[in-house]
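Enquirer: Below you will find the structure I want to go over with you.
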């Protein structure tokens, strides 16, 4: 549920949110004052009509936004699931799934709730799932059924489990069955957000549903987001109200003095109105009267105009064809209409990796075999697709291409090293194969890397066909070959390699190994050093291209070596204590004296334009942090691919500590390397018992600003958990912010949100989070702005976002064009709005000193009502919607134009005071110039012009003309709409003026229209000379100041305006561009080679394969198994439904005593 309202809560909740705006509360207070006749000189409808209009428009906008959220929520909640009800599978909506239901899932379906896996169509009860929405992984995990031997007769009594929580990697529970206890772990769970893959069907028991699921527990609450300009305006409204009170107090004091010294002289023919009986009470009422009269310093039309402008900006985003993805027919969508100007102030972007920066597509691009590099290394290389005429290829993948024909020739001529290279790829893996039909071979890879490597070998003639627990069958250049599988030395993140030991058909025993080059090179035989040096150069080149690399090697074993090692291996495998350590030692023993074959280079394809987008955003002084659930090597590799990390990066620091102390020491080591000493406690020590940094102590922020060089920080999830603790978070934040790039890997969804919240809380900067999966929802909701990518990982991120589109590259246009323009327009709109209203309102203040402080208005009430609604609203609205300072192409070519928004230069407290100072100056001119001239002027017939109504018309006309000229100067981009609104508003003023002052309306409504014929005073030349003089005095200083500023201190946008339309300035975005000791690692750039190793693989598949648990049966046997399994399973479930006491489910702590239903 991502919506905020329902039918019952909409009105109270929405009104509560709207009255959090100080201005709305302010106008409600004024409305109450206007209902008191003794103090109100204006009709109540002048406030209540605009207030109701504002509240209604905002409510309609909010209701529309929430309607679309409800619509999106319903798309998810109305997804169908097959639920077992009364022994029959029935269709049920997700929203109706309850704890204790048993659900059937089919291949490629989303998991509707957190399920306990009960049964699977796969033999041995295995289940393959994709967890991309949870942890960013696209590959499939394997879940093991808790007891595969009891599926058919399974009747449980009670499930006791932990209460709902957000721990994605942990589940603890107990199953009670036949007076026995069975422990439940995360391996028995199917979590909501996962997708069933490569599994025909499975059944699961709902443990957590709805908001209790681990996915929703990580999503966080939908928050009411407000822009920094909204928050500033709340502060300014309070200041303005204080200023208004001060003016009211001054005028009230003046009223008291005037009534005491002068007013008593008029008591005989102008007595006080009851209940006024003394000058103090008269002053008290005068104060509230002036509060009402002067309230237009913050007109309510301001908020209506702001909402209209934001709505139009949102439609501009929706209508932008350059943000439309033709491939998926997906337009950009502004799902929130209240944050547009915030897009122009972003300083930190927090991005997911999988599906956001990458396409989740792996391609085999290049390789190095026996010291020779193959692939697209030169511009003369030809694109050679693998097509059907190559008869030695089996079950071709027509999408596979390789850009070097010489590798095909090497395979054809039978080069031994090339054949052995592809033989390693076809044998050393944990891929499962299935032949759907004759000639259609389908691979089920546990990771996309393995799938790409095995597919490459297949297309070059070395086809992996099938496997059993003890054999691997391949087809090598059309010839079927069966190898005896002796052992699988499994992969893990510490070993960074995997090996298989096979017996060839000729009887030789050979070990094949693939893994990180930094690991394999240490285990090579001395005779491979020459090849290693050449291969290292190739690997360095591949790493520089951002490719993911693996080194391949082999070793021949004698029968004696194998027999001795196999005995030690079996002993380690059966050990009860320290089994993992003993197995690791056994693996280490046999994986020595390897012969290097070469290396592979796989491209984890980035989304289109990612590298360029990151480069442009970096030039705009936007810092990008990658927060991913992926492993460290993969995250770093993508960092280089998308140019967040480059060969020019001074140093890449890796924080990988597992304890609080080790993480603190790592961060202090990084601080010392950055030249950053911390002033508190003993933080100046890099590590205990080591030499202190030579840098002088200083506050972190001041030191960070002076750091030179480009640094990067990579921190793992377990280290981040300690770094986010209260006593270390500031140290972590200052260190991270000193780096050009930050990559947080292996992080949970909640940690993503915590990192965003940390930056929000301490840096006073606008943050933006972008992601495409449900694991990104929490940070999307936490950030000031949330952007969802409508990609391959469902729509959860889009539903929770404020903006959505289909490609990461559209982010640069969203920020640098739409965001920058929205901020510019809103700032110019606000500056002008405050100016024109202070110019309008302050005339009443000066007039108070000449009317006996009687709360008399200068203008007639119709001018007061129409000034902000008709005469001046549309021109400023057009400027706020359409204005530009430079064309959109310039905004992209010169990202530095974005910086004024980050620094909040265009509208802040200083700019506000400048605007009101100009408004006050204008009001002084508009009052005293007409007052001084008209007090001595006469008409051509000798009749004096020194009357109240002539003065009011002259001042009002001068005001309309001055503010119209001012907005003409402020408008930087003229459209036909701007011209129509500006000059049309002036025309509307004169039309209404002559209509209101006509004798026709006076004869019909004599009490409402008092200014009979006073518009005719505009026929007097002295009146127009007065208006012209006032206009020149108001505008001349503004023009002079702007010309001087343009010449002496021009902004970057001013310099860009001077370029001719045909002139093009070159972009400056194209060229942007070790081993780990202890927990803190460094990838230095001082000429050393960095590894491009990245392998998204999971531990444990070797044991599954050798145990035979994940082996497919033959088609006939599989069909028999499935039918027998399904029939007996359904029968069992039907029995359970007829006996409701057979099982129950209880959520509690594991050690709690639970009662059966």
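Including glycine, each Cβ sits where the backbone N, Cα and C put it.
Relevant sequence annotations retrieved from TrEMBL are reproduced here:
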type	residues	note
DOMAIN	2-48	domain 'P-type ATPase N-terminal'
ACT_SITE	352	active site, 4-aspartylphosphate intermediate
BINDING	352, 353, 354, 450, 491, 514, 548, 628, 629, 630, 746, 752, 775, 776	ATP binding site
BINDING	352, 354, 772, 776	Mg(2+) binding site
DOMAIN	798-1050	domain 'P-type ATPase C-terminal'
Enquirer: Look at the binding-site residues 354, 775 and tell me which residue has the greatest number of other C-beta atoms within 10 angstroms of its C-beta.
Expert: 775
Enquirer: Would you mind pulling the longest C-alpha to C-alpha span across 352, 353, 354, 450, 491, 514, 548, 628, 629, 630, 746, 752, 775, 776, which the record has binding ATP, in angstrom?
Expert: 33
Enquirer: What mean pLDDT score does the domain 'P-type ATPase N-terminal' (2-48) have in the model?
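Expert: Mean model confidence (pLDDT) across the domain 'P-type ATPase N-terminal' (2-48) is 76.
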Enquirer: Specify the nearest of the recorded positions 352, 491, 548, 629, 746 to residue 776 (Mg(2+) binding site), where nearness means the distance between Cα atoms.
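Expert: So, spelling it out, the nearest of the recorded positions is 352.
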Enquirer: So which of the recorded positions is most packed in, judged by how many other Cβ atoms lie within 10 Å of its Cβ, out of 352, 772, 776?
Expert: 776
Enquirer: Please identify, among the binding-site residues 354, 491, 629, the one with the smallest Cα-Cα distance to residue 772 (Mg(2+) binding site).
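Expert: Comparing Cα positions, the candidate nearest residue 772 (Mg(2+) binding site) turns out to be 354.
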Enquirer: Please report the distance from the Cα of residue 491 (ATP binding site) to the Cα of the residue listed as 'active site, 4-aspartylphosphate intermediate', rounded to the nearest angstrom.
Expert: 26
Enquirer: Highest CB neighbour count within 10 A among the binding-site residues 548, 746?
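Expert: Top count of Cβ atoms within 10 Å goes to 548.
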Enquirer: Can you give me the Cα-Cα distance between residue 352 (active site, 4-aspartylphosphate intermediate) and residue 629 (ATP binding site) in Å, rounded to a whole number?
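Expert: Rounded to the nearest whole number, the Cα-Cα distance is 8 Å.
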Enquirer: If you draw a 10 Å sphere around the Cβ of residue 491 (ATP binding site), how many other Cβ atoms fall inside it, taking every protein chain shown into account?
Expert: 25
